[in-house]
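This report concerns only the one structure given below.
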Amino acid sequence: MIYQGETLSVSYLENGIAELRFDAPGSVNKLDRATLLSLSEAIAALQQQADLKGLILTSGKDAFIVGADITEFLELFDLPQEDLLGWLKKANDIFSAIEDLPVPTLSAIKGHALGGGCETILSTDFRLADTSAKIGLPETKLGIMPGFGGTVRLPRVIGADNALEWITTGKDYRADDALKVGAIDAVVAPDALHSAAVQMMKDAIAGKLNWQSRRAAKKAPLRLSKLEAMMSFSTAAGMVAAVAGKHYPAPMTAVKTVEAAAGMSRDEALVVEAQGFIKLAKTDVAKALVGIFLNDQHIKALAKKAAKQAAKATRHAAVLGAGIMGGGIAYQSASKGIPAVMKDINEKALALGMGEATKLLNGQLEKGRIDGIKMGQVLSAITPTLSYDNVKHVDLVVEAVVENPKVKAAVLGEVEGIIGDDAVLASNTSTIPISLLAKGLKRPQNFCGMHFFNPVHRMPLVEIIRGEQTSDETINRVVAYAAAMGKSPVVVNDCPGFFVNRVLFPYFFGFNKLVADGADFAAVDKVMEKEFGWPMGPAYLLDVVGIDTGHHAGDVMAQGFPARMSKEGRTAIDVMYDASRFGQKNGKGFYAYEQDKKGKPKKVADVAAYELLAPIAKPKQDFDKEAIIAGMMIPMINEVVLCLEEGIVATPAEADIALVYGLGFPPFRGGVFRYLDTIGLDRYVAMADQYADLGPLYRVSDRLREMAAQGKTFY
């Protein structure tokens, strides 16, 4: 044994070939600070080995190294700039020391080698992967960029164009795709990885593979002419500007870093990379995106805990109500290995549901994500039926019929009499209180809400709603089922609109108010999209969701919270609804819709919408972006805070994940609570107070005012 640490060890295999094996105590290998220290000590020990002829990096886990330890990031980002630079330099000295060993080096890669894991393998001369390998640099998704030499070594290994695509998109690549661009040198079967790595190393030691020239290229300036450099970097910058936009600085900073370091040696280029990394690490965007990752991990941990505590796992499920939504839920369940019965009273609805599942699977097939066998397996795991016979023995039923309390109550009561006493019932409802639906049930403890978002296959959030009598066992089983479906379940307590819709409608209230005061709805959309960062502005969102749906939900919210959410006369949404302008579904809403070349709806301005709104609005006036953002966001933020105070949602982390995953709250802002911490509670309260005369939704709670006065934060 040359070296033994807690997370890695070094020992000789044969003939002077040493193996550095990453094998942390947990389920995965991470490059945390402790592992970096061990790696430094291990390389120092190797440097003293007179008999060393070659080094192979391996992993004792299913994955090579999944990346740096992101739980350490926020603490690191808060370090003074000099200390952060010192940490980066020490880390990079380790990878440079691997690269500078006087013997050939090779990485034997299985599973994920991401982020710091990818940068580790780039420090070796050769990279051999098995078919399970996935390689990539996802740092830009966290608002930062590679900091352990990724922007320096990858362009010198696979060329500037390929490297810029890898770094700016943050995608991970399968072994065969990585092989095509030269990121790895060969791909072998998993059971051949070790023997192939040893043989490859023997060939390098024998001089059959020129490891010295490989290494020299990585340490030298990029081989690009002035014209090639100009074309590569200007093209990359243009694409990044179009895709990432101004709110996500990491991809553009990465492009500029690679460009600035193109003519430099390795050591000079690493200094430039460190400067870019630190610049990004100090941004609010990085803290927000890392915060989302950590919140997501928190949600996953809660779901794992629920699965452990559940007395029974869901092996068979049923969906009541087919169509697009029911078909989407059945598909999601079946695609994750949980067979689903899809029951409806209408043959056409069943055909629509199966059609939806088939369409989604065809999309996966065309992208090469599944093969025909997998498609057949998933489709055969969905059983469409007009009768309850196949529903009798399922573990869990998701009711997904029309959003009508009477219809839902009737269906729930009917199916409860058919399923087993320990089977769980869940209602996919967006606004109807769960405790109301539970009133007609004999086993209300086995019932909860399970609110999916449309489209089901794409939206990660599922709201799990606890009714007054819902048992912990029911919640645990439904949370575990949602997680098994690949979703992010957030448990909320029962109230009109639950959490997501309850906080969305104050936002629409703000929209109605702005339009009534003379704002141009298209200008409001533009500000909320381009400046605040929502994927869609409020008018466009209403058109996409359906103005009839929004109108109905708005009435439910007004009844549920009359003191705050009752209407002040006819609203912009009322006007569109009364004119039967329901949005994309019938081609006219706030905008008119035409089909683009792909047959998808494309919005265009429509004078008729403005004419309809004129009687309920003051004369048109321009609002600056600050006034529009304040008018839209203060009602939502205040309602989110109230939901936390009332215990509707348990933690700021769960609230922020629900907002980002369920509503598309701008990820670079991290969610409402991260946003409040970023701008400062005192500053927010002062801003909201300027709008307090607009109504109850604009008035901050006493608790929030108290927190602001005490200088507190939510995280």
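Cβ from N, Cα, C; glycine included.
Per Swiss-Prot, region 'Enoyl-CoA hydratase/isomerase' is recorded for 1-189.
Summarising the environment of Glu119 (site 'Important for catalytic activity'), the number of other Cβ atoms within 10 Å of its Cβ, over all protein chains shown, is 28. Feature annotation from Swiss-Prot assigns site 'Important for catalytic activity' to Glu119 (among others).
Less than 8 angstroms from the CB of Glu139 (site 'Important for catalytic activity') sit Gly115, Met145, Pro146, Gly147, Gly150, Ile167, Gly170, Ala250, each of them six or more residues away in the same chain. What Swiss-Prot records for Glu139 (among others) is site 'Important for catalytic activity'.
DSSP assigns Tyr661 (substrate binding site) to a helical segment in the three-state reduction. Here Swiss-Prot flags Asp296, Asn501, Tyr661 as substrate binding site.
If you look up Swiss-Prot, you'll see 311-715 marked as region '3-hydroxyacyl-CoA dehydrogenase', on the strength of sequence analysis.
Annotated NAD(+) binding site per Swiss-Prot: Met325, Asp344, Val401, Val402, Glu403, Lys408, Ser430, Asn454, in sequence order, evidence recorded as sequence analysis. The local packing around Ser430 (NAD(+) binding site), expressed as other Cβ atoms within 10 Å of its Cβ over all shown chains, amounts to 20.
According to Swiss-Prot, the feature active site, for 3-hydroxyacyl-CoA dehydrogenase activity maps to His451. The C-beta environment of His451 (active site, for 3-hydroxyacyl-CoA dehydrogenase activity), restricted to residues of the same chain at least 6 apart in sequence and closer than 8 Å, consists of Asn428, Thr429, Ser430, Val462, Glu463, Ile464, Ile465, Phe498, Val500. Under DSSP, His451 (active site, for 3-hydroxyacyl-CoA dehydrogenase activity) is assigned to a strand (E or B) in the three-state scheme.
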**Item:** DSSP three-state assignment (helix, strand or coil) for Val402 (NAD(+) binding site)
**Value:** coil
**Message:** Between the Cα atoms of Glu403 (NAD(+) binding site) and Asn501 (substrate binding site), what distance do you get, rounded to the nearest Å?
**Reply:** 14
**Item:** Rounded Cα-Cα span from Lys408 (NAD(+) binding site) to Glu119 (site 'Important for catalytic activity'), Å
**Value:** 54
**CB within-chain contacts under 8 A for Lys408 (NAD(+) binding site), separation at least 6** = Glu399, Val401, Val402, Ser427, Thr429, Ile432, Leu437
**Neighbouring C-beta atoms (10 Å sphere around the C-beta of Val401 (NAD(+) binding site))** = 24
**Request:** Fill in the CA-CA distance, Met325 (NAD(+) binding site) to Asp296 (substrate binding site), as an integer in Å.
**Result:** 25
